[in-house]
Every structure is written in structure tokens, then in C-alpha cells.
Amino acid sequence: MVEKIAVLGAGSWGSMLANILAENGNDVRLWSYKSAQVEELNNKHTNSKYIENFTYSKDLVAYSDMQEAIDGVDDILFVVPAQVTRSIAKKVNEILAELDNNVNIIHGSKGIEQKTYKRMSEVLAEEIDPKYRKSISVISGPSQAESVAKHDITLVTTASENIKDAEHIQSLFINDYFRVYTNDDIIGVEIGAALKNIIALGAGALYSLGYGDNTKAALMTRGLAEVSRLGTSFGANPLTFTGLSGVGDLIVTATSSDSRNWRAGYQLGQGKSLDDVIKNMGMVIEGIATTKAAYELAKQRGIDMPITSAIYNVLNDKVTVKDAINELMHREGRAELD
Ligand SMILES: NC(=O)C1=CN([C@@H]2O[C@H](COP(=O)(O)OP(=O)(O)OC[C@H]3O[C@@H](n4cnc5c(N)ncnc54)[C@H](OP(=O)(O)O)[C@@H]3O)[C@@H](O)[C@H]2O)C=CC1
Ligand SMILES: O=C(CO)COP(=O)(O)O
């Protein structure tokens, strides 16, 4: 299927998803709020701050005017940091009202909104008037942008409450290196994707302190157990956490040195301050805001999330990484499947 698609957010992932859609023959308009970046993308077909040594499809056109990018499109794909999705969605809603356009809304972001604790599909549903949208879907899974740039075989999932909408998104993205599955459990897909970033922060920190493969497996397994506890309390299908957006994405993010969350955890483990880590990364580290949201949500709902709580305490300078590990290892013994 070939469609007109606006992609909002031209960082590592937005630009890479836009590139896949352009390679698949779609008419793709990639919006960035930075005119220098738009010029670089249109003139050199590169996006050097985000993805090094990569040339984008010549068919990909970048825009700095959001209205121009959105005019006449069939689909709008949001790939901005989770904490700015609401403000961008408000702007999109105003533009759609002016254009009187009706589109499919998709997002590729992995985070929970602070304060409201909303998933991205909930934020989009609140901000974009049902008059202007046909569907809301998410695309998610183990997919480091740097690997997709190399056409590494990548499997992701797209979820929507209505499976037909997920199938539509599947048809736009699927190709011989990017295989897309469908799922109707949007809650499970979004929660797994957002919360694996917390565990990836922990994995980077443990690695920097010299812990090995057993510790990594322990963190990932028990991390997924608590992510799944929180997710199922919202009605997610427990099986979703065994899939691409659950354990799949956890594996890649908690083991890849391309992951910004893993790298941030690594630097925190080395004793760097959170402010310095954020400043030096220059790209979004979603796990930081999502740790706070998940920690508060877990408290509110009475869900036991000891690893999230430990990482929250480290991020907020309440304990060192070593003390956090010590506290976790001195918890009372318990049954694995509680
Ligand atoms: N990178 C990856 O491999 C993957 C990322 N994701 C998810 O995709 C989402 C985006 O991540 P990613 O592309 O990696 O992040 P990046 O930091 O690489 O890019 C984010 C982009 O959004 C822009 N941006 C930031 N604030 C605003 C704003 N207020 N208005 C408009 N644009 C803004 C940034 O500009 P600036 O840099 O100037 O601030 C940048 O161009 C995240 O939720 C992430 O979890 C999902 C799968 C894979
Ligand atoms: O979600 C991702 C891979 O699937 C990207 O993770 P990072 O944001 O940690 O780089």
C-alpha cells in the first residue's frame, strides 16, 4: 500500500521510520522544528547528529512547516519524546481542524506521560478530536535505529484496539528487512515498551560496575516480572510481555550499547551526575521520566516494583547504585510467581 504520510520528529527513530516508509514507496514528509536539520536532510540526505554515516532515501522530503507537512496526508506518525507528544498533538489538532482532514494516527514513542501517567495513545486520543482521526495505533518492538540503518533484520509489532487498523499500519511498514506483526493489546504493547527503558538503565549501571551475565539475566527477568505486574493491573494481556514489545525490546535495550537508556545507566554507574548524563547524551533518555511515572503509579496502585523503586532512588540521588543493589539483595526471600 502506498500512502501520503507525515512523520513528526526527525530524531534517530522518526527519521529511520520515515526512511523505511519512503523506501517502501510512500510519499513521506518528515517534519522537524529545526530548519538547519531540514536543510541537511533535503540537501545532503543525512541527519548526522542522530545517525552517523547514513544516507537517507532521496524520496524522503523534510519540512519545517508542520501545516505543509500534514496537508493532504492519510497518516500522521508521531515520533517525538513522550513528554512533548501532548503539545505536538495539540498543534496537530488545530491544523487538522483548519484543513478539515481525517487521518490515521500512529506513534512510535516509548514513554509514560509524567503527572497524568497516560500512555501515548491515551494522550493522542485526548488531544486529537475524533472528527479528525480514523484510528490510533502504536508501532513498537526491538528496533535500535542504528541497526535498522544497516538493514539488520528487525521484527516489530503494531497495535491498535481494532486489529484492522493495526493491519493497515503493518502494510505500510513491512518489507524484506523490517517485518511487522499485529496485536490488539495496545495497553500491553505501550506499557512493555515504556517500562523496559527503566530496566535498561539498570542494566547499563550493573555492567559499568563489572557485574556479568547472571546478573544481567536476573535483572531482565525480574524486571520484566514487575513490568508485567503493572501492565496486567491495567488490563494488558500477560502474553504481550513475552512478545516483541515486551521481552524482545527488553533484550535489545538492556544489552545494546546503542541504547541511550543503557548508556545513561552505564554513566550513572560510573558515578556521573544525572545532569551531566542528560547534557552529554543530546538525545532523549525516555527511561528517566518513565521511571518517575512508573514509581508513582506503582505506589498509587499498590504494585510491588522493587527494581523500579531502586532505580528511582538512584536517579533522585537518594542512594548510590551499590547501595541500591545491596538493598535489593537483602529483601526477604519470596515465591517467584507471586
Ligand atoms: N532511537 C531508537 O532507536 C528508538 C527510539 N524510539 C522512541 O522514539 C521516540 C523518539 O526517540 P528518538 O528519535 O530516538 O529521540 P531523539 O532524541 O533522537 O529525537 C527526538 C526528536 O524530537 C525532537 N524534539 C524534541 N523536543 C521537541 C519539541 N518540543 N517539538 C518538536 N520536536 C522535538 C528532537 O529535537 P532536539 O534533538 O533538537 O531536541 C529530535 O529531533 C522516543 O520515545 C524513543 O523511546 C523507539 C524505538 C527505537
Ligand atoms: O527502544 C529502543 C529500541 O527498541 C531504543 O532504546 P533507547 O531509547 O534506549 O536507545
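Heads up, the Cβ atoms here are built off N, Cα and C, so glycines get one too.
Remember, predicted model here, so these are calculated numbers, not experimental data.
According to TrEMBL, the protein has these features:
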- LYS196: active site, proton acceptor (ACT_SITE)
- SER12, TRP13, LYS34, TYR50, LYS110, ALA145, ARG260, VAL284, GLU286: NADPH binding site (BINDING)
- LYS110, GLY141, SER143, LYS196, ASP249, SER259, ARG260, ASN261: sn-glycerol 3-phosphate binding site (BINDING)
- 4-164: domain 'Glycerol-3-phosphate dehydrogenase NAD-dependent N-terminal' (DOMAIN)
- 185-325: domain 'Glycerol-3-phosphate dehydrogenase NAD-dependent C-terminal' (DOMAIN)
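Location within the structure of each feature annotated in TrEMBL.
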| residue | record | Cβ neighbours (10 Å) |
| --- | --- | --- |
| SER12 | NADPH binding site | 22 |
| LYS34 | NADPH binding site | 13 |
| LYS110 | NADPH binding site | 27 |
| GLY141 | sn-glycerol 3-phosphate binding site | 26 |
| SER143 | sn-glycerol 3-phosphate binding site | 24 |
| LYS196 | active site, proton acceptor | 33 |
| ASP249 | sn-glycerol 3-phosphate binding site | 27 |
| SER259 | sn-glycerol 3-phosphate binding site | 24 |
| ARG260 | NADPH binding site | 22 |
| ASN261 | sn-glycerol 3-phosphate binding site | 28 |
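For the domain 'Glycerol-3-phosphate dehydrogenase NAD-dependent C-terminal' (185-325), the model's average pLDDT works out to 97.
In the structure as shown, the Cβ atom of GLU286 (NADPH binding site) sits within 10 Å of 26 other Cβ atoms.
For ligand 2, the recorded positions lying close by, meaning a CB under 6 A from one of its atoms, are ARG260, ASN261; the full candidate list was SER12, LYS34, LYS196, ARG260, ASN261. Residues listed for sn-glycerol 3-phosphate, LYS110, GLY141, SER143, LYS196, ASP249, SER259, ARG260, ASN261, cover a largest CA to CA span of 16 Å. Per DSSP, the domain 'Glycerol-3-phosphate dehydrogenase NAD-dependent C-terminal' (185-325) is made up of 110 helix, 0 strand, 31 coil. In space, ASN261 is the closest of the binding-site residues GLY141, SER143, ASP249, SER259, ASN261 to GLU286 (NADPH binding site), judged by Cα positions.
Per the record's binding annotation for NADPH, residues SER12, TRP13, LYS34, TYR50, LYS110, ALA145, ARG260, VAL284, GLU286 show a top Cα-Cα distance of 22 Å. With respect to ligand 1, the recorded positions SER12, LYS196, ASN261 contribute SER12 as residues with a C-beta closer than 6 angstroms to one of its atoms, given in sequence order. The secondary structure of SER12 (NADPH binding site), as reduced to three states from DSSP, is helical.
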